[in-house]
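K.L.:
In case it's useful when we look at the structure, here is the feature table from TrEMBL:
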type	residues	note
TRANSMEM	12-33	transmembrane segment
TRANSMEM	54-75	transmembrane segment
TRANSMEM	108-134	transmembrane segment
TRANSMEM	155-177	transmembrane segment
TRANSMEM	197-222	transmembrane segment
TRANSMEM	290-307	transmembrane segment
DOMAIN	311-414	domain 'FAD-binding FR-type'
TRANSMEM	428-447	transmembrane segment
TRANSMEM	504-530	transmembrane segment
């Protein structure tokens, strides 16, 4: 069967499911969903195996994970297809217009037309949700609020509805930072370009949750029920857990503001791990049944995070380094041929001898199309971490233990696509601006340490370099470019894709298999441990149920990811070994 037909079928199916998910978010605050749709579905799916959480798993969890798995398969089928070439110029022009920046200055940063349109639609969803909830205020009568008073009762309900609106933001919060997810590429987005969406959603989430918490505290203080702050309900909402989650979120939120993040990045880096406390106690606060609506993005995030953790455990093979007089370092890593990336990709680097916890992002300076065996990054000594790295390399060490994550990059075309035999290579001008004349040595990094790439042999490149902070050039012959060749250990491995060359296919297998394992495990726990004590009457400990579900998620995620990753790494190593052996045999035959 033609892969294009299969992809077209999958694309139409994904579109239908996506529209269905959007419709459910629109209908969620309405009485139709609460009073008709969900009760009708609950009667059919609540069972002794999945309990009262079954409706939310069916309505919210399954469609999103199905999209993530089917989307991975769609991307796998289109990996080698040249669909962009078959698109008409008119379609490409329309897409380019939508991606053109419409906002450049301001708190939102650079925003394209399609991003602005999506932001307006999302805010409209939040307004619709809140207004729909607030319309229920007229149902609060003096008789219904005889115990606390009408105003107090209304404040209590408003606090609840603001929290429910904040949950909409939370539901989408983790999708932009799931670097290896199929959801972002399906929407034409990249991980690095989606960080701003995570920032927007984070601010909206914390604003709404903070108002939610303050309104409850005011209501308890006015009604003389301030002791409610210390309440940990057995089978319903836990106020203490909500307060801990809010405090963790506020600590994280404070560290994200530019004044703190830019000046004390390490504080921001460590404070960001408060998201673990925030999410865990949020689950204890609302219960696992409701969590199946809100934290699907978090489920995909922890699958992706665990895969990245598996990749970061390996010590990669560092081949060489170049030290420039301008305190710049170039690191050159060995990589497999199966690891491909595009220009402007980024990767995260960790040097355990400097810090086992710090991971720093750097732009990849090499190109996998012209340097298939090597990946390079350029690091300038500006902060404490990069300065220590430069000092270590300056001592001419023989080996450096390095771990990496990535690379992650945009879905762009090969930058040498115009270099074909029938087409004249265009003349190019590189305009480089430096502060000092020592920085001019960075131009040496345009060429590799040894040899010259054949793909660049016919490149007509003209370089214009300008120095802005010196009237006369400074000459210091004692400072020269130094090259270091390392002696890696046999255990050091070349950089390889975490899931092999067919990464999208294996990601689909991991997401689907881990969810199936979770269903089996949670079904066993519910049927033989929870149901005999509860009989679906919501009298079982909500906290215990939440903790058991979280443990089940972690077990299924780790088991599915580890097995697949181990098999693939072994397969990649065997393939590379055969490739090296074949090259050596060819060389011997020539001799």
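The backbone N, Cα and C atoms fix where each Cβ goes, glycine too.
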K.L.:
Hey, which bits of the same chain come close to the transmembrane segment (108-134), Cβ under 8 Å, at least six residues off its ends?
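P.N.:
Non-local partners: 25-26, 28-30, 97-102, 158, 161-162, 164-165, 168-169, 172, 196, 200, 204.
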K.L.:
Looking only at the domain 'FAD-binding FR-type' (311-414), what are its DSSP counts of helix, strand and coil residues?
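P.N.:
Across the domain 'FAD-binding FR-type' (311-414), the residues distribute as 13 helix, 39 strand, 52 coil.
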K.L.:
Counting Cβ pairs under 8 Å to the transmembrane segment (504-530), which of 12-33, 54-75, 197-222, 290-307 comes out on top?
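P.N.:
That would be 54-75.
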K.L.:
So which residues does the transmembrane segment (197-222) touch in its own chain, when a touch means Cβ under 8 Å and the partner is 6 or more beyond its ends?
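P.N.:
The answer is 108, 119, 126, 152, 155-156, 158-160, 162-163, 165-166, 169-170, 172-177, 228-229, 239, 242-243, 246, 249-250, 253, 256.
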